[in-house]
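Per TrEMBL, these features apply:
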- 7-26: transmembrane segment (TRANSMEM)
- 46-70: transmembrane segment (TRANSMEM)
- 82-103: transmembrane segment (TRANSMEM)
- 115-136: transmembrane segment (TRANSMEM)
- 148-168: transmembrane segment (TRANSMEM)
- 188-215: transmembrane segment (TRANSMEM)
- 236-257: transmembrane segment (TRANSMEM)
- 293-313: transmembrane segment (TRANSMEM)
- 333-352: transmembrane segment (TRANSMEM)
- 358-378: transmembrane segment (TRANSMEM)
- 390-414: transmembrane segment (TRANSMEM)
- 434-456: transmembrane segment (TRANSMEM)
Amino acid sequence: LIDQKEGWRKLLAFLGPGFLVCIAYIDPGNFESDLQSGAEYQYELLWIILVASVSALIIQSLAANLGVVTGKHLAEHCRTEYPKVVSILLWILAEVAVISADIPEVIGTAFALNILFSVPIWIGVLLTGLSTLLLLALQQYGVRKLELIIAALVMIMTGCFFAELGYAKPNAALVLKGLFVPQLKGDGATGLAISLLGAMIMPHNLFLHSALVLTRRIPRSDKGIKQGCKYYMFESGFALFFAFLINVCVIAVSGSVCSQPDLSAENRANCNDLDLNRASFLLQNVLGRWSKILFGVALLASGQSSTITGTYAGQYVMQGFLNLRFKPWIRNLLTRAVAIVPSLIVALIGGSSAAGQLIIIVSMVLSFVLPFVLIPLLKFTSSKVKMGPYANSWPVMCTTWLIGGAVMSINVYYLTSLFVKWLLKSSLAMVAQVMIGILVFGMILVYLIAVGYLAFRVDREITYLIVSDEPSNMDPINLEELGHGPSSELQPLPRKDIIELQLPRDV
């Protein structure tokens, strides 16, 4: 329940969803990219983290606004707006994104268990399935308790990496220069910059944020909706600031350790091919045993918190697109089982090195899926049919489409360039290379056509409806004049099915 008076009580009532959302920016996949960028280019790519964090705040604020204004989250809007076939395809891609985001969390947790307790990677992958029991235990206590636990895990990660900074003692002047002086030296730096940007906006996070804001009782009035959007932006910025600090710390520690002139040949080799598992041994060798333990604790907190938020994002995706009434524990087990199987197979066959490579592969999958989530969000929040007078202004619309277009273009370029490099270096016969090239570039053409369809399709389903409980100087859209009756699916906030973090029941 939101206090009507301005002040810290109102801000505390809004505080919570941003911490669940910020977890996607400090998951094991992000840590791997951060470690590699610090090891190879020291502090030169820190400005990418700053740009990506600001962009993430803007995009996540749009997701929050969509839920606050319309009372429906992004997946529900996709179901009502698009034809059934398109909606089903978008649901499949959203599920792929949820599963792809869950795989690094499974592997990251397995690495953490290996670091802290010397558990083999494949056994650690199996043990992560037990976190489903934790999810079931948390659900009965409601969303506020969950938000408190996630915030505590974020603070643990922040504390661990600040302690790592104390061990590593990076050059503060070089860190500040890396944050505010853009530079890219070489093709390798460009590739890493692209991977850092691509990993900063997660598709499933947009579904999650637009649903979590429905857990607050916000007055359906001009003033109430404006205040809701404003406070959620502040709350998201506060949480994402901690994610920003953690990413900066990981890069700074990695850059400081790998730039030391007296590194042994073994440690230098680890820096040249740094992943989550090698990082722990590198930290132990250079900074001491406690540094390795701190890294393991932070990685475990990251994997477990990411697991929780990823599973709930999957629940909202399935509820929004299909309106299914699965029991939560069934949904949790399904998501985790699908993520565990490929992780387990890779860990058994290739060990920790192959598991680290799997994180990179699923990051590419997430980059591929991102436009099919980001474009509907940008379209819906810019549409007066959806948002009424709260639709994005022209400056906001231009800024967000510029950010979204840049991220999507970078991802497409990155995936295409990787394929071309692989094809040119492969030992396949010329005929086979030509056939594979035609097939893949044909698929890319279909991909671009699908993205264009989402970008240029005109929104038709009217969902904006303001229910005023106090005088307002803004006139709501007259739905009947436009040939539509009031939306029967608009539900008062807070949404009980969202508050209880379960799938929908009859309302």
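Every residue gets a Cβ built from N, Cα and C, even glycine.
Just so you know, TrEMBL annotations never went through curation; they're auto-generated.
These figures come from a predicted structure and were not determined experimentally.
The recorded stretches the transmembrane segment (236-257) and the transmembrane segment (148-168) share 3+ CB pairs below 8 A when only pairs 6 or more apart in sequence are counted, and are therefore in contact.
Non-local neighbours of the transmembrane segment (46-70) in the same chain are 17-18, 21, 25, 34, 37, 77, 175, 178-183, 193, 196-197, 200-201, 205-206, 209-214, 218, 225, 228-229, 232-233, 236-237, 240, 243-244, 247-248, 251-252, 374, 377-378, 380-381, 386-388, 390, 392, 399-400, 403-404, 407, 463-464, 490, 493; each lies 6+ residues outside the stretch with a CB under 8 Å from one of its CB atoms. Same-chain neighbours of the transmembrane segment (148-168): 16, 19-20, 22-23, 26, 138, 239, 242-243, 245-246, 249-250, 252-253, 256-257, 283, 287-288, 290-291, 294-295, 297-298, 301-302, 304-305, 308-309, counting only residues six or more beyond its ends whose CB sits under 8 Å from a CB of the stretch. Here the transmembrane segment (293-313) does not touch the transmembrane segment (390-414). Their Cβ atoms form fewer than 3 pairs under 8 Å, with each pair 6 or more residues apart. Sequence-distant contacts of the transmembrane segment (82-103), counting only residues of its own chain at least 6 positions beyond either end whose CB sits under 8 Å from a CB of the stretch, comprise 24, 27, 29, 75, 202-204, 207, 306-307, 310-311, 313-314, 317-318, 321-322, 335-336, 338-339, 342-343, 358-359, 362, 365-366, 369-370, 372-373, 376.
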